[in-house]
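Below is one structure, written out as structure tokens; the observations come after it.
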Amino acid sequence: MFDGLSTYKSFFLVAFGAVPGAICRMKISDNLFRNKHNLWGILLVNSSACLLLGFFLAKQNYIHYINNDQPLYLLLCVGFLGSFSTFSSLILEIYYLFVDQQWMELFLFTFTSIGLGIIFISLGSHLFNA
């Protein structure tokens, strides 16, 4: 992944993108959905991250700087979207549902999250494929 750049520059780009991604995730989740277990916030953030990732995937063929070893890819796709999307929060909420034996919510949330992720990455790729 880091073949085109020095390792330190690659790490810096990922970190530089990760900080605003994490802040955006926190602001969206906290401001829109204030309860402790915010399944809707996680769905919103992850779906929008998948939509943006679909956009970048669609543009990879046309914009050299979005290829896997390029600065823009590391900054936006790995850094920003990697910290903006909330896989660990997703798993934590699934765990809470499991521990609380809320089986219907667990399966609904899990499959909705995965399904929306696939739909939104496909939608982003389709909408922005030029």
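Cβ from N, Cα, C; glycine included.
Features reported for this protein in Swiss-Prot:
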{"type": "TRANSMEM", "residues": "4-24", "note": "transmembrane segment"}
{"type": "TRANSMEM", "residues": "38-58", "note": "transmembrane segment"}
{"type": "TRANSMEM", "residues": "72-92", "note": "transmembrane segment"}
{"type": "BINDING", "residues": "G82, S85", "note": "Na(+) binding site"}
{"type": "TRANSMEM", "residues": "103-123", "note": "transmembrane segment"}
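When each of 4-24, 72-92, 103-123 is scored by its Cβ pairs under 8 Å to the transmembrane segment (38-58), the top-ranked stretch turns out to be 103-123. Residues 39, 42-43, 46-48, 50-51, 53-54, 57, 90, 93-94, 97 of the same chain, all 6+ positions outside the transmembrane segment (103-123), place their C-beta atoms under 8 angstroms from a C-beta of that stretch.
Long-range neighbours of S85 (Na(+) binding site) (same chain, six or more residues apart, CB within less than 8 Å of its CB): R25, V45, N46, A49, C50. Sequence-distant neighbours of G82 (Na(+) binding site): residues of the same chain at least 6 apart with a C-beta under 8 Å from its C-beta are V14, G17, A18, G21.
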